[in-house]
């Protein structure tokens with residue numbers, strides 16, 4: 001049995017007063033850091049700087065916002081949309097702080113599944129681990145669709161869309177293959193730059209070609225369904241634990257969170273307002289389709305690298321979760337073994353294959369992405385952070401008395417949980433309703449068609 005562990009949270013060391021239960025759970029799940037450093041290891045994981053982590057997260061998250069957010073302004077109006085974008089940016093920074101504190105308190109946590117095991121046992125571990133893999137594969141499929149749209153635009157629909165998805169999937173597979181995230185960091189740097197440049201090109205294109213007679217809405221009385229989907233589309237944080245696990249200094253993770261949320265919030269706001277002001281209420285989603293053909297091609301050509309990289313990054317994330325689950329604390333994690341590389345390659349291939357099949361064979365895949373985001377990503381970004389804070393204060397800061405002594409933090413944590421539950425329930429309901437409406441109106445196509 002492990003001795004009572006000493007943790008550090010919010011910069012203050014303390015001893016777990018209810019350590020026996022927590023330590024037992026941690027020991028059962030592997031209490032050591034999964035990527036504990038050792039000079040003899042052939043594969044060194046803890047190599048990421050906070051700058052690299054911020055660039056990887058920017059590359060992952062920002063493309064979703066610039067594709068969908070301008071149309072959100074047409075749904076809810078400029079003023080409410082900007083307020084919500086800024087609010088969700090601040091809220092995301094707060095929940096990132098809670099996630100980072102939990103990770104620093106529990107170095108053995110590599111994924112949301114590990115965190116779930118500490119809080120609620122094996123069932124929570126399986127549910128949260130499955131959700132991470134499922135969302136990563138769905139998100140990879142979404143990026144494959146974005147890549148297909150870019151390639152179709154550039155080729156003037158000159159090749160069957162199924163083949164374009166397969167081509168994009170092959171590139172995503174190659175990107176996912178490096179075993180450590182630092183090997184992807186340089187691509188993350190390029191990807192973050194190209195998606196920012198693509199956004200600026202799109203704004204220039206919209207400004208140079210304003211829609212004549214366009215109408216703008218300052219504030220709209222939208223129906224619940226359109227408004228909800230419009231303002232909750234870009235979500236993140238589900239990769240946070242995996243990224244922090246490969247940082248040289250996990251204590252610097254909050255710097256990456258500040259960089260991500262600051263850049264994303266400002267960029268989302270400026271991009272969505274500029275594009276909407278020049279295009280008006282006819283702006284489409286993805287917004288790039290609202291640009292003149294030449295500008296749309298230029299923007300898609302620049303953004304394509306981001307779509308392909310992000311698809312590979314999502315597959316890498318899903319594969320690494322399963323790989324670590326299979327080989328945790330074995331030689332295959334840190335050494336170039338034949339079995340390790342064989343399993344890793346198969347996992348990456350399987351992830352890409354499933355993502356491509358979903359994108360090609362499921363006509364309602366874009367709606368299913370919304371359901372996956374509501375069921376899992378909303379909890380990973382918002383709701384679970386509240387549970388993490390309550391768990392650590394209760395177990396590491398004196399139980400109920402610790403919670404009572406921190407009324408503001410407790411209230412915020414509970415509200416965070418409620419927000420996650422609302423986004424989960426409402427997002428799932430809205431997505432299912434839209435699927436029903438799409439079938440009723442005949443908008444759903446057939447599988448395996450060009």
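Glycine is treated like the rest: Cβ placed from N, Cα and C.
The domain 'Amino acid transporter transmembrane' annotation in TrEMBL covers 47-432.
Look at TrEMBL and you will find 73-94 (among others) tagged as transmembrane segment.
Annotated transmembrane segment per TrEMBL: 115-139 (among others), in sequence order. When Cβ-Cβ distances below 8 Å are used as the criterion, the transmembrane segment (115-139) is approached by residues 22, 25-26, 28-29, 102, 106, 109, 238-239, 241, 310, 314-315, 317-318, 321-322, 325, 351, 354-355, 358, 368-369, 372-373, 375-377, 379-380, 384, 387-388, 391 of the same chain, each at least six residues removed from its ends.
The transmembrane segment annotation in TrEMBL covers 159-177 (among others).
Look at TrEMBL and you will find 184-204 (among others) tagged as transmembrane segment.
Residues annotated as transmembrane segment in TrEMBL: 224-244 (among others).
TrEMBL lists 256-279 (among others) with the feature transmembrane segment. Non-local neighbours of the transmembrane segment (256-279) in the same chain are 50-51, 53-54, 57-58, 61-62, 65-66, 69-70, 72-74, 78, 81-82, 85-86, 89-90, 92-93, 96-97, 100, 196, 199, 202-203, 206-207, 209-211, 214, 216, 234, 236, 243, 287, 290; each lies 6+ residues outside the stretch with a CB under 8 Å from one of its CB atoms.
Look at TrEMBL and you will find 299-317 (among others) tagged as transmembrane segment.
Annotated transmembrane segment per TrEMBL: 338-361 (among others), in sequence order.
Residues annotated as transmembrane segment in TrEMBL: 367-390 (among others). Long-range contacts of the transmembrane segment (367-390) within its own chain (CB-CB distance under 8 A, at least 6 residues past either end) are made by residues 91-92, 94-96, 98-99, 101-102, 112, 115, 119, 128, 131-132, 134-135, 138-139, 141-142, 229, 232-233, 235-238, 358, 403, 409-410, 412-417, 419-421, 423-428, 430-432, 434-435, 438.
The transmembrane segment annotation in TrEMBL covers 411-432 (among others).
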- Query: Taking residues 6+ outside the transmembrane segment (338-361), which of them lie with a CB under 8 Å of any CB in it?
  - Reply: 136-138, 140-142, 144-145, 148, 162, 165-166, 169-170, 172-173, 176-177, 179, 311, 314-316, 318-319, 322-323, 326-327, 331-332, 368, 447-448
- Message: Cβ pairs under 8 Å only, please: of the recorded stretches 159-177, 299-317, 411-432, which one is richest in them relative to the transmembrane segment (184-204)?
- Response: 299-317
- Message: Are there residues at least six beyond either end of the transmembrane segment (299-317) with Cβ under 8 Å to its Cβ atoms? List them, or say none.
- Response: 56, 59-60, 63, 132, 136-137, 139-140, 143-144, 146-147, 149-151, 153-154, 168-169, 171-176, 178, 181, 184, 187-188, 190-192, 194-195, 197-198, 201-202, 205, 239, 242, 288, 291, 348, 351-352, 355
